[in-house]
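Here is what TrEMBL says about this protein:
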DOMAIN    34-254  domain 'Cation efflux protein transmembrane'
REGION    371-390  region 'Disordered'
TRANSMEM  31-50  transmembrane segment
TRANSMEM  62-83  transmembrane segment
TRANSMEM  95-116  transmembrane segment
TRANSMEM  136-154  transmembrane segment
TRANSMEM  200-218  transmembrane segment
TRANSMEM  224-243  transmembrane segment
Amino acid sequence: GTIHLFRKSQRSLVGKLSHEFRLVAADRRSWKILLFGAINLICIGFLLMWCSSTNSIALTAYTYLTIFDLFSLVTCLISYWVMMKKPSPVYSFGFERFEVLAVFASTVLAQLGALFILKESAERFLEQPEIHTGRLLVGTFVALFFNLFTMLSIRNKPFAYVSEAASTSWLQEHVADLSRSICGIIPGLSSIFLPRMNPFVLIDIAGALALCITYMLIEINNYFAVDTASAIAIALMTFGTMYPMSVYSGKVLLQTTPPHVIGQLDKLLREVSTLDGVLEVRNEHFWTLGFGTLAGSVHVRIRRDANEQMVLAHVTNRLYTLVSTLTVQIFKDDWIRPTLSSVPIANNILNLSDHHIIPMPSLKAAANLNPVTSTPAKPSSPPPEFSFNTPGKNVSPVILLNTQTRPYGLGFNHGSAPYNSVLNQGFGIPGMGATQGFRTGFTNVPSRYGTNTRGQPRP
C-alpha cells in the first residue's frame with residue numbers, strides 16, 4: 001500500500017462532533033429543526049427570567065417541559081443523522097441505538113427535573129414566599145403555544161414510536177376514562193380523545209390548566225400555597241408520563257425481546273423446525289436493535305444429506321418477515337455410525353505348538369490398570385459411545401506356557417488359583433493340549449484339533 005510519511009493526527013472529539021453536525025446540517029430537512037431549536041432557546045431564556053421575577057415554582061416546572069422539547073429536537077436531529085450513516089466495521093448493526101439512547105437520556109433528564117421540583121416544593125411548604133402574578137399568565141400561554149406548535153409541526157419519529165409502543169401513563173388512563181364519558185354524550189369527539197391522547201400534548205394542556213387555576217386563586221384570595229401544589233402536580237404528571245418511555249427505551253438498550261412479538265416468533269420457529277432437512281432449531285436469540293427493528297441469531301441443525309443453501313434460504317425467508325437483521329448458522333448432523341475394527345493375528349503366533357495366544361489390544365500401561373478388574377483405575381475421559389468397558393478389553397496379550405499336566409484332556413489345573421494369579425498367568429482353554437492348534441475363523445489357520453501329534457489324523 002501507499003506509505004504516508006506525514007500521517008495526519010486523529011481529530012479530537014470536538015472536531016468529530018463538528019464534522020457530524022456539518023453532515024446533518026447539509027440536509028434541508030434539518031434546517032427546520034435547527035430553526036425551531038434556536039426559537040426554543042430564546043423562549044427558554046425568557047421563561048427563566050419570568051420564573052425569577054414571579055417567584056413561581058409552578059412556572060419553573062412548566063418551563064422544564066420546554067427544555068424537554070429542546071431535547072426532543074436534538075433527538076430528531078440524531079434520527080436524521082442515523083438515517084445518513086451506514087454500518088461500519090465497528091458498528092456492524094448500524095447506528096440505530098443512538099436514537100434509542102437519546103430518547104432514554106431525554107426522558108431520564110425530564111424525570112430528574114421533576115424530582116428537583118418536588119424537592120424545592122417540599123422546602124417551600126415550610127416557608128411559602130410571595131408569588132407575583134404579573135407575568136405568570138403570559139409565561140403560561142407562551143410556553144403552551146410553543147410546546148404545542150413544536151410537537152405538531154415536527155414529526156419526531158423516535159418519540160412518536162415510543163409514545164405508541166410504551167405502556168400508558170396514569171394521566172392517560174384517567175383522561176381516557178373521562179373521554180369515554182364525554183364521547184358517550186358527543187360521539188364526534190371520539191376521533192380526538194380516543195383511543196388515547198398524545199402524552200406530550202396531554203401534559204402540556206394539563207400543566208397550562210394547573211397554572212391558570214393557580215393564577216386565579218392567587219388573584220382572588222392571595223393563596224400562595226396553591227403555586228407549590230401546582231408545581232407538585234406538574235412534576236408528578238411529568239414523572240408519570242416519562243417513566244413508561246424510560247422503561248421501554250431501557251429494555252431496548254438491554255437487548256430484550258419485545259413481549260408483543262414473542263408469540264409470533266414462537267410460531268415462526270415452529271414452522272422452521274418443520275422444514276425439509278431441518279432436525280433442530282436451537283440457541284435462538286432475538287432482541288430489539290432499534291425502534292421497530294428486530295435482530296436475531298439462530299442455529300439450525302440439518303441432515304447430512306440436506307442442501308445447506310436451500311435450507312438457509314427457506315429459514316431466512318420465514319424469519320425475515322419479522323426479523324430484519326438475521327444471522328443463521330447452518331451445521332450438519334454430527335452423528336457418526338460406529339465401525340468395528342479387528343487386529344489381524346500373525347500366522348507364526350497361531351502355529352506355535354507350545355503356547356496358547358490370547359491376542360488383545362493394549363490400550364493403557366500396566367501401571368494404570370486395576371489388578372482386581374483389569375480396567376483403568378481412573379479414566380481420564382469417559383468411554384466413547386457404543387463401546388463396552390468389559391474387563392477383557394484392557395488386558396495385554398498373554399502367552400501361556402504349556403508346562404503343566406492336564407488330566408483327562410480338559411485343560412483344567414489341579415487346585416484353585418486366586419483371581420490375581422489367573423490374570424497374571426493367563427486363562428486356561430478347555431479342550432486344548434500341548435500340541436494343539438486353534439480352530440478359528442481365519443482362512444490362513446490350519447483346522448487341526450485333537451490330542452495326537454502334528455500331522456497325524458485322529459482315529
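Keep in mind that glycine also has a Cβ here, set from the backbone N, Cα and C atoms.
The transmembrane segment (95-116) is not in contact with the transmembrane segment (136-154), judged by fewer than 3 CB-CB distances under 8 Å for residue pairs 6 or more apart in sequence. Proximity of the transmembrane segment (200-218) to the transmembrane segment (62-83) is established through 3 or more Cβ-Cβ distances under 8 Å for residue pairs spaced 6 or more apart. Panel annotation: around the transmembrane segment (224-243), residues 56-58, 60-62, 64-65, 107-108, 110-111, 113-115, 117-118, 120-121, 124-125, 128-131, 169-172, 199-200, 202-203, 206-207, 210-211, 213-214, 217-218 of the same chain, lying at least six beyond its termini, place a Cβ under 8 Å from a Cβ of the stretch.
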